[in-house]
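This report concerns only the one structure given below.
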Amino acid sequence: MGFGFKILVEQSIQLLTVAPRLVPEVLQQPTIRHPIAVSLGAIAGALSRYYLSLWFAQRFGITFPYGTLFINITGCLAMGFFYALALERLSLISPEIRLLVAVGFLGAYTTFSTYALDTFTLLGDRNLLAAGFYWAGSSILGVISIQIGIILGRLCQ
C-alpha cells in the first residue's frame, strides 16, 4: 500500500506540475485540471481508508470501529497540518495540489458519514458506553488533532 501510494502521489504531482508547453491546451484549463486533481487524490484517499479499515478489522475485530476512529483522527491531524503548511506557510503550492490533498485525498480518507453510521450501529446494539466514547472521542480528539496538526505545520520551515 505505501509504495504504490507514493508512486501515485509522485505521478499525480508530476502530471499537475509539468511545464505548460508539454500539456495539451485542454489540460491547461482549471475547469479540467481541478477535477482531475480532486479525482486523483480521492482514489488514493479511498484506497488508504479501505486498506486501513481492513487492517484494523483484522487486527482488533469489528465490535468497535477502531479503523474509522483512527482514520478520522489522523485525517483531522493531516488536514490541520496541510492547512497550516499550504495556506499559511507555502503559498507557492498550486491550487491543483491543494485540491488533490485537501479535497481529494483527505475528503475521501475522512468521511464522518461512516462515523455517524458506526455510532448509530453501536447505539442500536445497546452498547451505550462504546457509542458515547466513540461519538465524543471522534469529535473531541478530531478537534484536538486539527490543532496539533496546525501547530506542527507551523513549526515546519
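For all residues, glycine too, the Cβ spot is worked out from N, Cα and C.
The Na(+) binding site feature in Swiss-Prot is assigned to GLY107, THR110. Secondary structure from DSSP puts THR110 (Na(+) binding site) in coil.
Per Swiss-Prot, the feature transmembrane segment maps to 36-56 (among others).
According to Swiss-Prot, the transmembrane segment annotation covers 67-87 (among others).
The annotation transmembrane segment is assigned in Swiss-Prot to 100-120 (among others) on the grounds of sequence analysis.
Only residues 6 or more beyond the boundaries of the transmembrane segment (132-152), in the same chain, are considered here, and those with a CB under 8 A from a CB of the stretch are 64-65, 68-69, 72-74, 76-84, 112, 115, 118-119, 122. Residues annotated as transmembrane segment in Swiss-Prot: 132-152 (among others).
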Binding-site residues listed as GLY107, THR110, least Cβ neighbours within 10 Å: GLY107
